[in-house]
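Record features, source TrEMBL:
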type	residues	note
SIGNAL	1-31	signal peptide
DOMAIN	55-101	domain 'Inhibitor I9'
REGION	103-129	region 'Disordered'
DOMAIN	150-378	domain 'Peptidase S8/S53'
ACT_SITE	159	active site, charge relay system
ACT_SITE	190	active site, charge relay system
ACT_SITE	340	active site, charge relay system
């Protein structure tokens, strides 16, 4: 497992309320607390790899990390004067602050009492969501029917890491890269839950897929623009065959991040993102503002829109996201709610597709998933112009 650990000071979480709302967090130090000449974290995008080193040398800084796949450039601590100088330098495309972000549903993807199987069912899947996505209508029949397993497909979970030793993964999971801290475990738990819904043995949509975790968020569920782009850059360079990615976090406007996500998708990696948990329209945030990302909202066991599920025309469809049982670090399971639980259902279906139908372009997979979703099933699903479609496996 490779680590890319910036030498910058550790970040401080901005608190449970902002995390629960899924809004981008402000930098941890205010302007009043930071002297105008003090160095701060920046990302510098260049036109070519050759200009990356030249740009850093021109202001006398050593990059903390460089990017050469989804974007060309580097992250470094710069003074405001250095940042201004680089913005005016030929060959520099842009300079952005290395702001702090948090996932959509970390601790606030609250633990619930699990929902049991339908009365009279002889055998039920690990969570009700699996039962729901293989049939167009209620009531649930207590089964999860699928032919494909996702074998041979890599599921990249860009999140807080994964408990690779969890028996539900059976040796199919690993932490491949850490871009945020010095703790190579999932000390938050969010990433293990997401990975488990996508690909665990009893609770996952694609129980044969391989989980390749990329830790871009720390023990508080906090990350930075540079940790996200480092992860996306690595995924794009290191995919080795059919691949899908799931991103359950939210970031404000960033040209570099938008380009990074798009180029990962253009390389053939299908991308699913959670819709957010504000209950309103969150379509301006990344990655869900990108048209080629499959954006997933949260539906309940009785086919209702979860009241805090974000809305808007950027949403592609709904998937089960309330009281979803999934693996947690340490070997057990728990029940969670949030759009972070909905997004990996779609990533799992994409893994089934890529095994059964071949490694099609990401846009082809997205279109197939949207076309095979069942329309008009979610009560309140059209709120805020949200497309009322419910995820289905489509017989895979």
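Cβ coordinates come from backbone N, Cα and C, glycine included.
A TrEMBL annotation is a machine prediction, not a hand-curated record.
Helix first, then strand, then coil: DSSP counts for the domain 'Inhibitor I9' (55-101) stand at 12 helix, 19 strand, 16 coil. Counted over every protein chain shown, other Cβ atoms within 10 Å are most numerous around 340 among the active-site residues 159, 190, 340. When pLDDT values are averaged over the domain 'Inhibitor I9' (55-101), the model yields 96. Secondary structure at residue 159 (active site, charge relay system), taken from DSSP and collapsed to helix, strand or coil, is strand.
Across the structure, residue 159 (active site, charge relay system) and residue 340 (active site, charge relay system) place their CA atoms 10 angstrom apart.
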